[in-house]
Amino acid sequence: ASSLKTLGVDLLQKQNARLHHTEEYHDNTCLIVRRGQMFQLKLTFDRELKDNDEVVVQLSVGEKPLESNETLLSMNLRSGQDARCWCANISNTSGKECLVAVTSPADAAVGKYFLSVTTGPHIYNPGNKVVYVLFNPWCEADTVFMPNDTERLEYVHSDTGYIYVGSIQNIVGRPWNFGQFEEDVLDSCMYLLDKSKLKQKVRKDPVIVSRAMSALVNANDDSGVLFGNWSGTYSGGTSPVAWTGSAPILQKYYKTKKPICFGQCWVFSGVLTAVMRCLGIPARSVTNFASAHDTQENLKVDIYLNERGEKLNDMTSDSVWNFHVWNDVWMKRPDLPQGFDGWQAVDATPQEISQGIYQCGPCPVKAIRSGEVYLLYDSKFVFAEVNADRVFWQVKNENGKQKLVKLREETKAIGKSISTKAVGKNTREDITAQYKFPEGSPEERKAVEKACSYLNSSNLAVCESTTPLPPLQAGIQLEVEGEKALWLGNPINLNIIVQNSSAGVWTINLVASCQLQSYTGKIEANLGSIKQTVQTEGKPVIQLPLNIAADAYMKTVTSVEDELLIKVNIIAEIQETNEKLTDELTLTFQYPPLKVEMPETAKINEDFTCSFIFKNTLSIPLEKCKLHVEGLGIFKMETIGQGDIMPGRIIKSQIICAPNKTGEKKIVAKLTSNQVKGISGEKTITITA
């Protein structure tokens, strides 16, 4: 008989995609499957298949595939089954057609494979038959297996969500499109895998893959996806506050192969969530409020104030960010002792160098909670982010010399309201309890003690439980009254209240300062301060007004392209007892809403109108307004110039939409201007067939 020739291969994309939960991916010319699970191919030959015909299905990776390094997989259709490795079996033949069942092991290397078929001397290699192999959270034998259905839907399938920003007093959910199924996003992830130079053997391991991606999402060492920029000027790129989602960033990166400008922590996190979900690793964006960046590994972050109570920028490289966003990824940790499976923290924001490059994690969240900071990777740094103490110092000038006076040490100020989007709901879930035991509980003290025994605390005093300060002899209390959220363009009007609950007569030197800061704690402007000496005699309550005109802050707010907030620091010294009291307050700006209006439902491939409506209820004009809009499965990100919007004016912008996917879809909009850096709006629509 003549030697058998292969004439064609049908990848049966539709039926395989349904079984492998990959129908959402934009690309339908290729086969996208998950590991540890069978998929089918249909082969067509030039004659009927005989029992002695040799048929070998091959999958290859890269330019020079070799069996020795697993970049070439050969499966003989006659070889039977073996759960530990790739195998292919004939499940059905009819005439010249043959149905083949291919099964990959649950620890197969993820990546992009090219398919060819060898029959005796003939090789069928069409060059365009591509099989993407992804991690499989549906497969119990896969280390990323996630047993709960609704959790899997949220952390693998959901392509929209929220990233939480703001401050502890005022947490804001910013809508974000992860867009992991959009055009070119999967190819962009495959490009990153190749760029990582990871050997085929380690592309099986979600621990190594997620660590590599935490490095590649920032551009620092490897011309990865995003340039970080915290300078406040973003000409020559997109301001970090203007992005609405991850897909446009990954698409542009894939087209240009050059880092995209610019990102800050929530952008890095949003992109890493998209990359992880796209590859099949369950992931979520996580926000830590009052996040410590402890460069010395001593679990202390020092903050220095001058004699006016103003924070000094340049005394330390340590900082407390108002919030910081990183990621949790879900996987087992066979590389660690037992008990550390589940959520692992990874962080793509370039903060500290780990093993020579900017990467962070995966670090078991359970290890952070129990203080086991010797476990891989980067657990010391993450532990400090949620557990460091904050120490306030005053820098005094005495006879031309600098003198440091310790004002207070706070053990409960860092790592608050750790937040992520709730599973299956558009609300915030507080996951602080997954990261730490309740403040002050015996378990928490034990975890901190354990962590300290591993940290390079040459100054071991750090980790000893700080003895609480004795109660003040002078029964004085400080508080601040006033609006915690300020309409942009309005004056700042605060009252500093000194309460004297004792009968004593005290002389109090009081200073209070007001500063404009970015979310990383960088001082952008000093807005004003007061200095006053007050006597408490016969006065149980003393009120001191702190008033600052809007002009004092508007110039800086307009010139800096970041969203800023106001920090107030107060220091009271009691002359008679030499005791010191301090207080700190954060004020955030608030803005009028951006409304998105459209029908509740629409039909696929039929037009509907979506309107964006904004009324400027502020007392100031908004200059150079731009509307950034994106609707996954409906239209790509667009930017529409709106000019200047005067006080009281209403703008209405409309776009005609033609949805190309069914299901629940979301349109996300953002308004940026010189004055207001980002007002978000969103609305969901159900698209039916």
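Residue numbering: from 1, along the chain as shown.
Placement of Cβ uses the backbone N, Cα and C atoms for every residue, glycine included.
Features reported for this protein in TrEMBL:
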- Cys265: active site (ACT_SITE)
- His324: active site (ACT_SITE)
- Asp347: active site (ACT_SITE)
- Asn387, Asp389, Glu439, Glu444: Ca(2+) binding site (BINDING)
- 257-350: domain 'Transglutaminase-like' (DOMAIN)
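In terms of Cα spacing, the recorded positions Cys265, Asn387, Asp389, Glu439 that come within 10 Å of Asp347 (active site) are Cys265. Counting other Cβ atoms within 10 Å of each Cβ, the lowest count among the recorded positions Asp347, Asp389, Glu439, Glu444 belongs to Glu439. Close to the recorded Ca(2+) site, the chain also has Thr411, Lys412, Ile414, Gly415, Lys436, Gly440, Val448: residues not among Asn387, Asp389, Glu439, Glu444 whose Cβ is within 8 Å of the site's Cβ mean position. Across the fold, the C-alpha of His324 (active site) and the C-alpha of Glu444 (Ca(2+) binding site) stand 22 Å from each other. Residues of the domain 'Transglutaminase-like' (257-350) grouped by DSSP class, helix first, strand second and coil last, total 15 helix, 40 strand, 39 coil. Reported as a whole number, the C-alpha separation between Glu444 (Ca(2+) binding site) and Cys265 (active site) equals 28 Å. Look at the recorded positions Cys265, Asn387 and count other Cβ atoms within 10 Å of each Cβ; Asn387 has the fewest. Other Cβ atoms within 10 Å of the Cβ of His324 (active site), summed over all protein chains shown, number 25. The average per-residue pLDDT of the prediction over the domain 'Transglutaminase-like' (257-350) is 95, rounded to a whole number. The separation of Cys265 (active site) from Glu439 (Ca(2+) binding site), Cα to Cα, is 26 Å.
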